[in-house]
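Taken from Swiss-Prot as is:
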- 1-11: topological domain 'Mitochondrial matrix' (TOPO_DOM)
- 12-40: transmembrane segment (TRANSMEM)
- 40, 45, 441: Na(+) binding site (BINDING)
- 41-50: topological domain 'Mitochondrial intermembrane' (TOPO_DOM)
- 51-86: transmembrane segment (TRANSMEM)
- 61, 378: Fe(II)-heme a binding site (BINDING)
- 87-94: topological domain 'Mitochondrial matrix' (TOPO_DOM)
- 95-117: transmembrane segment (TRANSMEM)
- 118-140: topological domain 'Mitochondrial intermembrane' (TOPO_DOM)
- 141-170: transmembrane segment (TRANSMEM)
- 171-182: topological domain 'Mitochondrial matrix' (TOPO_DOM)
- 183-212: transmembrane segment (TRANSMEM)
- 213-227: topological domain 'Mitochondrial intermembrane' (TOPO_DOM)
- 228-261: transmembrane segment (TRANSMEM)
- 240, 290, 291: Cu cation binding site (BINDING)
- 244: O2 binding site (BINDING)
- 262-269: topological domain 'Mitochondrial matrix' (TOPO_DOM)
- 270-286: transmembrane segment (TRANSMEM)
- 287-298: topological domain 'Mitochondrial intermembrane' (TOPO_DOM)
- 299-327: transmembrane segment (TRANSMEM)
- 328-335: topological domain 'Mitochondrial matrix' (TOPO_DOM)
- 336-357: transmembrane segment (TRANSMEM)
- 358-370: topological domain 'Mitochondrial intermembrane' (TOPO_DOM)
- 368, 369: Mg(2+) binding site (BINDING)
- 371-400: transmembrane segment (TRANSMEM)
- 376: heme a3 binding site (BINDING)
- 401-406: topological domain 'Mitochondrial matrix' (TOPO_DOM)
- 407-433: transmembrane segment (TRANSMEM)
- 434-446: topological domain 'Mitochondrial intermembrane' (TOPO_DOM)
- 447-478: transmembrane segment (TRANSMEM)
- 479-515: topological domain 'Mitochondrial matrix' (TOPO_DOM)
């Protein structure tokens, strides 16, 4: 029965499908917000007519894309679908908790949308800094609704993380060691640990903000002995691991895609890849204050955070060069998924280089809160995370659905998207270097040309998103079934057929140990 299958589901494949559908839907909402932002900035002068509304749209765009698009698709969608198949587990360790993790998200999303509709909305930016987020500058229920929304999304992610950690550590076949696991499994494991350690700190910070707003506490109010900088420390101690949470599953997916379409049976430097991910996860926790170079820290503090941030480039470089080495000498198949993966490597590297620039505290003091920062993190998110999601989706779509996408359309869609995102975000580096600040709805005429180009790019990206919806419809309408899958010996998720039966590995997988 429909309700029993989808509302009360305890099946990792069905829950993964729910996550993918929810993430796609939220992605449309987030894209709509971003189009509104670029429409406002397409030329000087006012379009929306109100800076508060503009800032509400910017805030909503960030929250929707991070908490309701990237995380549900990467961790909830691909994670749920692939982890049990890749380690030969019959399902997740806690199947009912898995269901709850998903069903906490729609109410959370609803609360976020509600927060935009009451009073004047939450126009604080996704960081929700006090005193702007306090009860004077943002009177009314809006910020409180946003905080509740974050609480629900946070609980969902924490439960999900516990579930993945338990599944990966406990539900492998006895002969399978940690170092026999596919890289995507490793990436989700590291991501889950990051979630488990960082989200409680965010919960503490926003709960204190909630009591500051409603119960007259003064955690972040200097008038009562508090300090708004404390909030920034708490937020960014979560916020920096969060950006690695958004990209690490992408690393895992790209490793699989690059290996598969290079015709290799394993990625180059498996152990290096694993340790690089663990290093990135660890280092991600000790660099948070590089988001706060402008709040007046001591010079030695800034020196430490600059150096520590730059160290992250080393394991990241290990991954990039290992992907290139995996490609080397391979029998390369130019499938759409491979194109997304190669686009990921190229554009993520550019985003990483601008990150190294921003790691220098002296430079960051000039570039902080300019469009240079926006360009940097959209290169790693809008062209890192999103390209990985697109590549993973196209690569594993036959596994999820049993049908194949039209490769010609998929390549056209990649090309349109590639042009669109680059035209959107490359000019923003120039705007930032010229000093155009973030989070303003208008700008001096001198910035017009690059902003117009950027807005043109965003509309091209919108065409690519619509093309993707068309491609998915076309695949289900044409019903081209998968005939044969190559390289299944080293890509075990395909072993049960396309799509796999509702229940897989009902008796444990037999793994022969080579160690």
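Including glycine, each Cβ sits where the backbone N, Cα and C put it.
When other Cβ atoms within 10 Å of the Cβ of residue 40 (Na(+) binding site) are tallied across all protein chains shown, the result is 22. When each of 95-117, 228-261, 371-400, 407-433 is checked for Cβ pairs under 8 Å to the transmembrane segment (270-286), 228-261 comes out on top. Within the same chain, residues 251, 254-255, 258-259, 262, 264, 267-269, 272-273, 275-277, 279-280, 283-284, 286-287, 289-290, 293, 341, 345, 348-349, 352, 355-356, 359-361 sit at least 6 positions outside the transmembrane segment (299-327) and bring their C-beta atoms closer than 8 Å to a C-beta of that stretch. By the Cβ criterion (distance under 8 Å, sequence gap of 6 or more), the transmembrane segment (95-117) is counted as touching the transmembrane segment (12-40), at least 3 such pairs being found. Taken together, the residues of the topological domain 'Mitochondrial matrix' (262-269) have an average pLDDT of 96. The transmembrane segment (336-357) and the transmembrane segment (407-433) are in contact, since at least 3 Cβ pairs between them lie under 8 Å (pairs 6 or more apart in sequence). Same-chain residues lying 6+ beyond the ends of the transmembrane segment (51-86) with a Cβ under 8 Å from its Cβ atoms: 12-13, 15-17, 19-20, 22-24, 26-27, 29-30, 33-34, 36-37, 40, 92, 98, 101-102, 105, 108-109, 112-113, 116, 120-126, 146, 149-150, 153, 157, 160, 164, 167-168, 171, 181-182, 184-185, 188, 191-192, 195, 242, 245-246, 249-250, 253, 381, 385-386, 388-389, 392, 396, 399-400, 439-441, 492-493, 496, 500, 504-505. According to DSSP, the topological domain 'Mitochondrial matrix' (401-406) comprises 1 helix, 1 strand, 4 coil. Between residue 40 (Na(+) binding site) and residue 368 (Mg(2+) binding site), the C-alpha separation comes to 22 Å.
The binding-site residues shown are 240, 244, 290, 378; of these, the one with its CA atom nearest the CA of residue 45 (Na(+) binding site) is 378. Neighbour counts were taken as the number of other C-beta atoms within 10 angstroms of each residue's C-beta; across the binding-site residues 45, 244, 376, 378, 441, the minimum falls on 45.
Distant neighbours of the topological domain 'Mitochondrial intermembrane' (118-140): 51-56, 58-60, 62-63, 66, 146-147, 206, 209, 212-214, 220-221, 228, 231-232, 235, 239, 439; these residues of the same chain sit at least 6 beyond its ends, with a Cβ under 8 Å from one of its Cβ atoms.
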